[in-house]
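Pulled from TrEMBL, these are the features on record:
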{"type": "TRANSMEM", "residues": "6-30", "note": "transmembrane segment"}
{"type": "TRANSMEM", "residues": "88-113", "note": "transmembrane segment"}
{"type": "TRANSMEM", "residues": "133-161", "note": "transmembrane segment"}
{"type": "TRANSMEM", "residues": "173-196", "note": "transmembrane segment"}
Amino acid sequence: MGCRDVHAATVLSFLCGIASVAGLFAGTLLPNWRKLRLITFNRNEKNLTVYTGLWVKCARYDGSSDCLMYDTTWYSSVDQLDLRVLQFALPLSILIAMGALLLCLIGMCNTAFRSSVPNIKLAKCLVNSAGCHLVAGLLFFLAGTVSLSPSIWVIFYNIHLNKKFEPVFTFDYAVYVTMASAGGLYMTSLLLFIWYCACKSLPSPFWQPLYSHPPGMHTYSQPYSARSRLSAIEIDIPVVSHTT
């Protein structure tokens, strides 16, 4: 496997990253983070369920799909600490993941549309595709951590609310959507790390251009033996040719 080729692992990781970001968008906008179920013992009245999201709040009677009360200003008056943290964490995670997707796209486009013959004049402007994917993997891992940690906290915060008040609070499916999306970000990061480790048989600087030798300098390297691949140092000997 060569780092200058587009492989199924990089394409799959890019698609997985897009799906994960879409899941984070859905989890951020869904009004189904916490349910407050109010049960009445009056036969003439219906039970009421309050759905709490990060930005809106909706109250519905059982068996009804319409909101009896729809609070669009809930985002500015959130009084639950875990939801307030999620208001900052999820958009931040989305921004980090989108930056990682951009790096993946740059790396793949640079690999797919590069010229087979290097241009020495543009050597310093070349992008190291492998370095793009490596940094993107780190960003995907960071985005997954930023979104997963507060999502797990919602589960434990529900236990705290039930102990403090009454056992009427439950977390809703937006928690599962966000946790699954964070898992997708971790999977994307893992695919990029595996691809990078497989394609880089020997270490090299992450952001060094692929063709960085000035004119008149050529690199001669012998094929690596099985023993030389065990070494941690790759030695290329530059030889300067003088023209008369």
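Every residue, even glycine, has its Cβ placed from backbone N, Cα and C.
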Spatial neighbours of the transmembrane segment (133-161) far in sequence, C-beta under 8 Å, 6+ residues away: 10, 13, 17, 20, 24, 27, 33-34, 80-83, 85-86, 89-90, 92-94, 96-97, 99-101, 103-104, 107, 169-171, 175, 178-179, 181-186, 188-190, 192-193, 195-196, 206
Chain residues outside the transmembrane segment (88-113) and at least six past its termini with a C-beta under 8 angstroms from it: 4-6, 10-11, 13-14, 17-18, 20-21, 24-25, 27-28, 54, 126-127, 129-133, 135-137, 139-140, 142-144, 146-147, 149-150, 178, 182, 185, 188, 192
